[in-house]
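One structure is given here, and the rest of the page talks about it.
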Amino acid sequence: MGLVGFLVLFLIFFGVVVFILLFGEGPSLRHGPVGKLNRILTEKVPQVISWVLLHTIGQSNVNRISKSWAYCCESRNPFLQIFFVLLSSVSIVTFLYNALPRIPGPYLHKIHYLFIPAQIISIYASYYLACSVNPGIITPDNLQKHLDYYKYDGLIYKPKTCTTCNMRKPARSKHCSMCKACVGRLDHHCAWVNRCVGENNQRYFFLFLFTLVEFCAYGAYLCFQVYRGMIIEWGLDTALVHNTKTGEESVVSFRRAFLYVLHNDRIIGAIGILAAVVSVVVFIFFIYQLYLAGRGITTNEAFKWELVEESVNRGDLFKIVPVEPTSTTSALEEKNYLKRYNKNTKKEEHVQEKKIESFQEIENIYDKGFLGNLKEVFSPPNLA
């Protein structure tokens, strides 16, 4: 198996593992083989590792490892930020040292001398914004603005108090244990930017993702074109190969010429392959995030809506319909008020329970249409 084949298999394996870890706990997959594999990776494997460590290095050393793990993986720290900056910087310097002398070339114009610095500046600038802008932390001073802007839908968001922050939790907000704060319209906590992605900085997160995709795709393109130029410089475009069986000579195929260059100059090839892989992976994530944003759903809410759909499929989700206007039912008159129902749930007085037959019956009150949702993300309201 060649280097390319090994890389392809590794990337497939890595992608499958990431998919299992990210989506294995979802309602639609947790009861199947993906869910079982998720539990093996997140529960069984750590238990086995803990048992082995306990019986080899002792409890005191296990406690030290646990503390280090908690700091690295369960609290805010700059490790991944440092890793990203170092990886990016080393890749850029290596590219400039090895590939820039071949620009301009047969397939690359000298105008790239302007494009390359602009690309480098853009990736660092967008990353700085994504890492530094306040995600929309809720404080006692801006709490009322958040409460007024997003209403409770009575289904995935109901009036609650954050016991950690000791204040009401506005709809679409979530307390982040790593940031130790409630964040408005929280999407997810991103370790790569070492902070939450929320209502105030999601636009910069999108900017960073887009810039990273474009930056890596551009880098992969440059590496590919440099290799094409090297094929011409080395005379491989006119080289002949002798067939020992037939005795005939034929022009070397582009594939064989490209692999020959890759074998003899692996540094540029490694940078190009890394850039291409990162570009594809981040592009898929970017499209997924854009899809959720266009539907008026955050990553955090996507899981909540899966639970709601599961309740509908089980037939235990009902809409509460007041039949007599009383002081006790005034709170039930909110638009889209629904509740989960089971046999042990006591029925409300003066109300009727209308069974939700289809998930399509449920309205997402936070969905303002595709363009309206994107406007809210890229031009958020000032709730500071």
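Residue positions begin at 1 at the first shown residue.
Backbone N, Cα and C atoms are what each Cβ position is placed from, and that goes for glycine too.
Model, not experiment: these values are computed from the prediction.
Here's what TrEMBL has on this protein:
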type	residues	note
TRANSMEM	6-24	transmembrane segment
TRANSMEM	79-99	transmembrane segment
DOMAIN	158-305	domain 'Palmitoyltransferase DHHC'
TRANSMEM	204-227	transmembrane segment
TRANSMEM	267-288	transmembrane segment
Request  = Quickly jot the same-chain residues contacting the transmembrane segment (79-99) by Cβ under 8 Å, restricted to those at least six beyond its ends, or write none.
outcome  = 72, 116, 120, 123-124, 127, 131, 191-194, 219, 222-223, 226, 265, 267-268, 271, 274-275
Key: Contacting positions for the transmembrane segment (6-24) when only residues 6+ beyond its ends and CB under 8 Å are counted   = 30, 34-35, 37-39, 41-42, 273, 277, 281
Key: pLDDT averaged over every residue in the domain 'Palmitoyltransferase DHHC' (158-305)   = 91
Query = So, by DSSP, how many helix, strand and coil residues make up the domain 'Palmitoyltransferase DHHC' (158-305)?
reply = 79 helix, 24 strand, 45 coil
